[in-house]
Every structure is written in C-alpha cells, then in structure tokens.
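Straight from TrEMBL, the features:
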type: DOMAIN; residues: 5-132; note: domain 'Cytidyltransferase-like'
type: BINDING; residues: Ser9, Lys41, Leu73, Lys87; note: substrate binding site
type: BINDING; residues: Ser9, Phe10, His17, Gly88, Leu89, Arg90, Glu98, Phe122, Ala123, His124, Val125, Ser126, Ser127, Ser128; note: ATP binding site
type: SITE; residues: His17; note: site 'Transition state stabilizer'
Amino acid sequence: MTTAVCPGSFDPFTLGHRYVVERAAACFDEVVITVVVNPNKRGMFGIDERIALIEEDCADLPGVRVDRWEGLLVDYLKQESIRTIVKGLRSAVDFDYEVPMAQMNRDLADVETVFLLTDPRFAHVSSSLVKEVAKLGGDVTPFLSPHIHKALVAKVTGERSV
Ligand code: PNS
C-alpha cells in the first residue's frame, strides 16, 4: 500500500489545497493531510477547527484522512512509517521555497518529496491572501468550499466586532 503525507498549515484549507489532495489521492492508496502545528504562530483557526473543516471538505475522497503533528515533519513520517511527502507547486516562488525543505527532509530521513502542479485556476491562491482579502471585505467564494467560506466570514466578522 502506498501512502503519502500532504503537510501544511491549512489556515484555512483552500480549493487549491483540495485540488492537490485530489491529485495525490489519484496517485497513492492513502493520503494523510497532516496539519502541522507551529507553536510560535497563532493562526486564525485553531488546530481542531482546521482539522474539522478539512475532514468535512475531503469526506468524499476515498483514502484521504486528516492528522496533526507538532515538531519535525520527518519525525512524523518515521513514526507513521511513511516515506513520501506531496507538495503542491503554484509557481517558481513555491519551487524556490520547497526545494531546500525537500532536500533537507531527504538528508534527515531519506524521505522523498513529490511535487504536483496546482491547477492554474488556483495558482494565485494562498491561505494568507484569502484571509487578507476576506478581512478587507473582498469576495473569496471562488477559492474556498462553502463551509470553509462560511467559517472564514464568521471569523472575520467576529474580529471586526471585537
Ligand atoms: O502550509 P505551509 O505553512 O507552507 O506548510 C509548511 C510546513 C508546515 C509543511 C513546513 O513548515 C514544515 O514541514 N514544518 C514542520 C517543521 C519541520 O519539519 N521543519 C523543517 C523542514 S525542512
């Protein structure tokens, strides 16, 4: 059985993420979306919220499950006996950011990183840009599943009323 990990912050999970997970699910028997906890970075969504939103988003994708991890990513892969990471590439900027991590992860734990190209529709979509646009009142419905859009609007509205 082939398994791959799709790691990320997913604050929140976008349709660009979903597209990469779909492509990965077509290549591997099992895909684990691992929400990586960064204790030094407080996101808009808590880890449990992110996991619940992703689980709902990917409920229709067979072989896809969601997990969490805090610490070195390769330690997670070792613990789970998984040897492959899947990352989405939107542009050369992503490539420059991802290649050193892929090489470091291979040095640390003999882990392979497989890059999948994102759909051009989502080449400009990132969680941070979506949050910024939403905070400023822009329409981000094309970039998120409806339940995640609803959750983001609730967060943004809550922040505005504080
Ligand atoms: O969605 P992001 O924030 O671009 O995801 C980056 C992430 C979380 C996958 C990356 O920062 C990571 O792997 N963090 C875990 C800590 C780690 O292993 N750092 C060394 C990477 S070589």
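Glycine residues also receive a Cβ, built from the backbone N, Cα and C atoms like all the rest.
The shown structure was predicted, so the numbers you read here are calculated from the model rather than taken from an experiment.
This view paints the features noted in TrEMBL onto the structure.
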residue : record                 : CB count, 10 Å
Ser9    : substrate binding site : 17
His17   : ATP binding site       : 25
Lys41   : substrate binding site : 8
Leu73   : substrate binding site : 19
Lys87   : substrate binding site : 21
Leu89   : ATP binding site       : 17
Glu98   : ATP binding site       : 16
Ala123  : ATP binding site       : 13
Val125  : ATP binding site       : 20
Ser127  : ATP binding site       : 23
Look up Lys41 (substrate binding site) in the DSSP assignment and reduce it to helix, strand or coil.
coil
Work out how many Å separate Ser9 (substrate binding site) and Ala123 (ATP binding site) at their Cα atoms, rounded off.
18
May I ask which of the binding-site residues Ser9, His17, Leu73, Ser127 have a CB within less than 6 Å of any atom of ligand 1, listed in sequence order?
Ser9, Leu73
In whole Å, how far is Leu89 (ATP binding site) from Leu73 (substrate binding site) when you measure between their Cα atoms?
19
Per DSSP, to which secondary structure element type does Ala123 (ATP binding site) belong, with helix, strand and coil as the options?
coil
For Leu89 (ATP binding site) and Lys41 (substrate binding site), what Cα-Cα distance in Å is obtained after rounding to a whole number?
23
I'd like to confirm something. Which of the binding-site residues, Glu98, Val125, Ser127, has a Cα closest to the Cα of Lys87 (substrate binding site)?
Glu98
Per DSSP, Lys87 (substrate binding site) is which: helix, strand or coil?
strand
How big is the gap, in Å, between the Cα of Val125 (ATP binding site) and that of Lys41 (substrate binding site), rounded to a whole number?
21
On the Cα atoms of Ser9, Phe10, His17, Gly88, Leu89, Arg90, Glu98, Phe122, Ala123, His124, Val125, Ser126, Ser127, Ser128, which are listed as binding ATP, what is the maximum pairwise distance in Å?
18
I'm trying to understand the geometry here, so how far is the Cα atom of Lys41 (substrate binding site) from the Cα atom of His17 (ATP binding site), in Å to the nearest whole number?
20
Under a three-state reduction of DSSP output, how is Ser9 (substrate binding site) classified: helix, strand, or coil?
coil
